[in-house]
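Record features, source TrEMBL:
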COMPBIAS  176-186  compositional bias 'Polar residues'
DOMAIN    24-134  domain 'Calponin-homology (CH)'
REGION    176-199  region 'Disordered'
Amino acid sequence: MANKGPSYGMSRQVQDKIEQKYDTELEARLVEWIMAQCGAAVGKPEAGKLGFQTWLKDGCVLCELINSLCKEKPVKKIQSSSMAFKQMEQVSQFLNAAERYGVAKTDVFQTVDLWEGKDLAAVQRTLMALGSIAVTKDDGAFQGDPNWFFKKAQENRRDFSDNQIKEGKNVIGLQMGSNKGASQAGMTGYGRPRQIMNP
């Protein structure tokens, strides 16, 4: 797959559409968060899509990120390697750990999306979902500005007594609609066509 040539026709249109979803402002925010979360040791990538991909491609930065969010480090061994299969294995370890952390399967990118640069917007979506879950958990592991991510909804369970449930059955909610202001003034009898008068 490394020697894949340029795409043409419909394939090119699809690839262009995918590339348009990539957000450079979001890239800057994610880089800032990852550096705040993991420390300066992870370094800073060159600006742009290619720099972002190269920075995350070997999986080391991603594994450092997930380890910094969890109390028990899910990725035990992080090592930089020039071998493609080792790098892809580390990316997949990050993806598995992110799923266990709470990122939905639909929000997780495929390893080739990052490694071959096919869909870096999907990588951004996964990192945004990871940041949102870290902010929502509020366990003290999150570093950075919580306003960068949206907080996921929490369960707000309510327990009603039997009396409250019985009283609720007697109330007609506004969802049912209301008949205030409705009248049959001006209605004609059913079955008769509307009378049109010529002046």
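Glycine is no exception: its Cβ is also placed from the backbone N, Cα and C atoms.
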Inset, instruction - Sort the residues of the domain 'Calponin-homology (CH)' (24-134) into helix, strand and coil with DSSP and give the three counts. - result: 78 helix, 0 strand, 33 coil
Inset, instruction - Tell me, roughly as an integer, the mean pLDDT over the domain 'Calponin-homology (CH)' (24-134). - result: 84
